[in-house]
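Database features (Swiss-Prot):
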REGION    1-43  region 'Disordered'
MOD_RES   5  N6-methylated lysine
MOD_RES   10  N6-methylated lysine
MOD_RES   10  N6-acetyllysine
MOD_RES   11  phosphoserine
MOD_RES   12  phosphothreonine
MOD_RES   15  N6-acetyllysine
MOD_RES   19  N6-acetyllysine
MOD_RES   24  N6-methylated lysine
MOD_RES   24  N6-acetyllysine
MOD_RES   28  N6-methylated lysine
MOD_RES   29  phosphoserine
MOD_RES   37  N6-methylated lysine
C-alpha cells in the first residue's frame, strides 16, 4: 500500500460536544436530589501558606496569656515559694519567649531545607541550637 501525503485541513470550530457516560450523569444528578454536599477542601499546602502570611503580618502574642502565666509560676516554684509577678513582668517574659521560639523555628526550617526536606524534625532543632552555641 502506497503512502499518501496528508494535507492540512481548516478546523470547523470548537470541539464537538461529548456524550457523558452513564456514571458521570448519575453522579451529577445525585446532589440535585438531596445528596450530602462534601465540604470544600483546599489543596495540601494552601492553608499552610495562608497561615504563614497571616502570622507574619500579625504582631499579637500567639501563646495564650493564662496558660503561659501558670507555666511561669510553676517554674518559679522550683526556685522560691510564694513569688509574686507583676503583670508587665509576665508579659515581658512571654514576649521574649515567643521571640526566641520564632527565631528558633526559623533556624530549624533553614536546617530542614538544607537537608532537602520541607518537614522539620527534632534533629533540625538540635542542629540549630548547636550552631547557635546554646547546647554542645
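Placed from the backbone N, Cα and C atoms, the Cβ positions cover glycine too.
The Cβ neighbour count for residue 37 (N6-methylated lysine), using a 10 Å radius and every protein chain shown, is 6.
Residue 37 (N6-methylated lysine) falls within neither a helix nor a strand when secondary structure is assigned with DSSP, and so counts as coil. When other Cβ atoms within 10 Å of the Cβ of residue 5 (N6-methylated lysine) are tallied across all protein chains shown, the result is 4. Secondary structure from DSSP puts residue 5 (N6-methylated lysine) in coil.
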